[in-house]
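A short write-up of the structure that comes next.
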Amino acid sequence: MSALVEWYKDLMYNKNDPRTKDWFLISGPGPIFTILITYLYFSLSAGPRYMRDKKPYNLKNTLIIYNFIQVLLSIYIVHEGLMSGWFSHYNFYCQPVDYSNDPIALRMARAVYTYFVCKLIELLDTVFFVLRKKEKQISFLHVYHHGLMPFAAWVAVRWLPGGHGTLLGLINSFVHIIMYVYYMLAAFGPEMQPYLWWKKYLTSLQLLQFLIVGIHASLVLFNGCNFPKIPIVLLVINVTVFIYLFGSFYVSTYIKSYNIAKKNEQNDKSETRKKKNLTGKAVLSRIKRRDKYASYGTNVSNS
């Protein structure tokens with residue numbers, strides 16, 4: 001037991017990045033765990049119970065402002081990530097963390113911290129679903145994704161605020177620019193729906209980002225790069241889980257739904273043809289009966 005305690009102390013206080021250890025919410029695991037436990041409790045229990053007998057809140061203006069802020073934050077993170085490494089000296093195949101106080105290295109560390117803050121703010125996605133009584137949106141995929149990312153970003157700020165793994169935050173933030181633009185437009189109301197035909201491509205874009213991040217992270221495992229391997233293994237495992245979950249969502253939401261809609265359309269056309277055939281037969285039958293009676297009447301009059 002004492003060995004485990006010593007290992008924990010060494011990990012938390014000796015192997016962490018000294019530049020970021022005193023930053024807000026980074027000094028220890030207590031704050032982040034408190035936030036995430038509160039998030040799960042509200043999202044899965046307290047929130048739905050509170051809203052059980054209430055009408056959904058109208059959060060139109062709140063959502064427009066919230067999504068606009070998320071777009072701005074994501075643009076800022078992409079810009080900082082590019083300017084502090086990926087547009088200059090960072091190597092795609094292997095990039096160790098620069099723990100120095102060099103201004104560029106510190107700029108990247110601050111970008112990683114901003115990404116962490118952004119992941120905390122994104123917990124409001126679920127809060128808004130609860131307050132609007134959109135229970136179907138609070139799926140396992142949604143909660144798993146929103147619950148895991150803040151903790152992963154916290155780990156990055158405390159131990160790895162730079163280097164190879166930052167490409168994840170860069171690509172993810174780029175995807176979120178597009179995603180939150182969509183959510184912002186959707187928040188304006190039904191009149192925007194004709195312009196949001198590209199919704200299904202958001203999931204495709206998310207799947208593409210996981211594929212790129214997974215391949216990029218895996219390079220470290222085979223090229224002898226001086227970057228910690230355990231975080232990369234955990235990252236690849238979670239990327240694989242995300243690909244499976246988002247892929248299943250895409251299949252069930254778009255492919256299966258499309259096939260069902262297509263089948264229903266074909267059934268409707270078949271029913272329409274049957275009705276037309278029955279109508280045609282009925283008309284023909286009436287014509288035959290009319291001709292028969294007309295012929296009968298002619299015969300009677302002639303006789």
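Just so you know, glycine gets a Cβ as well, placed from its N, Cα and C.
Given the structure is predicted, the values throughout are model-derived calculations rather than measurements.
Sequence annotations record features per position, and here TrEMBL assigns transmembrane segment to 23-42 (among others).
Listed by sequence, the residues of this chain that lie at least six past the ends of the transmembrane segment (63-79) yet keep a Cβ under 8 A from its Cβ atoms are 111, 114-115, 117-118, 121-122, 124, 128, 169-170, 173-174, 176-177, 180-181, 183-184, 187-188. Summarising the annotation, TrEMBL assigns transmembrane segment to 63-79 (among others).
The feature transmembrane segment is assigned by TrEMBL to 112-131 (among others). Same-chain residues lying 6 or more positions outside the transmembrane segment (112-131) and placing a CB less than 8 Å from one of its CB atoms are 20, 23, 25-26, 35, 39, 42-43, 47-48, 50-51, 56-57, 59, 62-63, 66, 69-70, 73-74, 76-77, 80, 137-138, 142-143, 146, 149-150, 152-154, 156-157, 160-162, 166, 169, 172-173, 176.
For 143-161 (among others), the entry in TrEMBL reads transmembrane segment. Counting same-chain residues at least six beyond the ends of the transmembrane segment (143-161), those with a Cβ under 8 angstroms from any Cβ of the stretch are 15-17, 19-21, 23, 25-26, 29, 32, 35-36, 39-40, 43-44, 97, 108-109, 112-113, 115-116, 119-120, 122-123, 125-126, 169, 228, 231, 235, 238, 241-242, 245.
Residues annotated as transmembrane segment in TrEMBL: 167-189 (among others).
The feature transmembrane segment is assigned by TrEMBL to 201-224 (among others).
Summarising the annotation, TrEMBL assigns transmembrane segment to 230-255 (among others).
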